[in-house]
Amino acid sequence: MAPINASEVKGYAPKEVLPEVETDNGKGIGYSYDTLQETANFLLSRTSVRPRIGIICGSGMGSYWKDGSLADHIEDPVRFKYEDIPNFPVSTVEGHTGQLVFGKLGDVPVMAMQGRFHYYEGYPLWKCCLPVRVMKLIGIKVLMATNAAGGLKSAYKVGDIMIVKDHINMMGFAGNNPLHGPNDERFGPRFPPMNRAYNYEYRKIAKEVAKELSIDNIVREGVYTCLGGPNFETVAELNMLKMVGVDAVGMSTVHEVITARHCDMHVFALSLITNECVVEYDHDAEANHEEVLDVGRMRQDILRKYVTKLVERFNKTLTP
Ligand SMILES: O=P(O)(O)O[C@H]1O[C@H](CO)[C@@H](O)[C@H]1O
Ligand SMILES: Nc1nc2[nH]cnc2c(=O)[nH]1
């Protein structure tokens, strides 16, 4: 049998990005500050947009449904394919186009990631979060992360939008953390606090805006966790997560938020509940990525309007 070439397998990171531990000229794990500064300078030299809010578009929310998604509504867009950006990984998951878009959302300059990086694609966590550090270096103050997630709380329905109040870093419990390895103080401290990870003022604003848009009946607030994936959870795993206080489960965001808080960015996150987690045996339903993408499409207009308004309101809280 011919050997399998990982780079040709859909859903798998190309071979050259696979090593679990990459070093930068022997200085340690991850890319150095200077290397990421080069990436930031590359982007800044090719656009006059100076965003202060960075948005990560979750599965099915950024790109998949052409012309309706948030990123497709960014005005005067300047787009960069991930493969053309120095030091950037590439997206391999369906529903994650793989480009950065600079431009205006409402009247606010933003940068949106149409596609994020996941651990299950074969990337180490620090590499999944590399774009967050690049955001910091181009002057972004606020990270707005969105994701698709399974709803664990019994009150949640498919299509609900959960404002993330807090997270449980399950992968961190096992010692897998994006900050693992030598610490560069220019990004942040060795031991960053995480008890105020999700900005309180922004969560308050998000609830107000949900009322203004008359979507408060579908907007919730809860606790998110990220598992490594790519498989969805077993019934026993879901019941355990429920027991420890998880309301929604996904395969992203937590490590991005840790990286953003480490470098002192404000953080706001939303989970779109794309499927109900099955917490009973003898149930026919099975989670699948197609359903996740479909619900992303179903909610794209509401999410776009919500995020656009939030971006305008968050921007007003930033000093000029
Ligand atoms: O977290 P995002 O990227 O939104 O996507 C979520 O949905 C995908 C599974 O359907 C996984 O990638 C999971 O993390
Ligand atoms: N881990 C996990 N990720 C998801 N992303 C969307 N739905 C789910 C889910 O049910 N579980």
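All positions are counted from 1 along the displayed chain.
Backbone N, Cα and C define each Cβ position, glycine as well.
Bear in mind that TrEMBL entries carry predicted annotations, made automatically and left uncurated.
What TrEMBL records for Ser59, His96, Arg116, Phe117, His118, Ala148, Ser252 is phosphate binding site. Long-range neighbours of Arg116 (phosphate binding site) (same chain, six or more residues apart, CB within less than 8 Å of its CB): Ile56, Cys57, Gly58, Ser91, His96, Cys128, Pro131, Ser252, Glu256. In this structure, Arg116 (phosphate binding site) belongs to neither helix nor strand by DSSP; it is coil.
According to TrEMBL, the feature purine D-ribonucleoside binding site maps to Glu233, Asn275. A strand conformation is recorded for Asn275 (purine D-ribonucleoside binding site) in the three-state DSSP classification. All chains included, 21 other C-beta atoms sit within 10 angstroms of the C-beta of Asn275 (purine D-ribonucleoside binding site).
Here TrEMBL flags 52-311 as domain 'Nucleoside phosphorylase'.
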Entries of His96, Arg116, Phe117, His118, Ser252 (binding-site residues) sitting next to ligand 2, with Cβ under 6 Å as the cut-off:
none
Report, as a single number, how many Cβ atoms besides its own are within 10 Å of the Cβ of Ser59 (phosphate binding site).
28
Measuring Cα to Cα, how many Å separate Ser59 (phosphate binding site) from Asn275 (purine D-ribonucleoside binding site)?
13
For the domain 'Nucleoside phosphorylase' (52-311), report the average pLDDT of the model, please.
94
Reported as an integer number of Å, what is the Cα distance between Ala148 (phosphate binding site) and Asn275 (purine D-ribonucleoside binding site)?
9
Cα-Cα distance, maximum over Ser59, His96, Arg116, Phe117, His118, Ala148, Ser252, record's phosphate binders, Å:
14
Near Glu233 (purine D-ribonucleoside binding site), which residues of its chain come within a Cβ-Cβ distance under 8 Å, counting only those 6 or more away in sequence?
Gly150, Leu227, Leu241, Val249, Cys277, Ala287
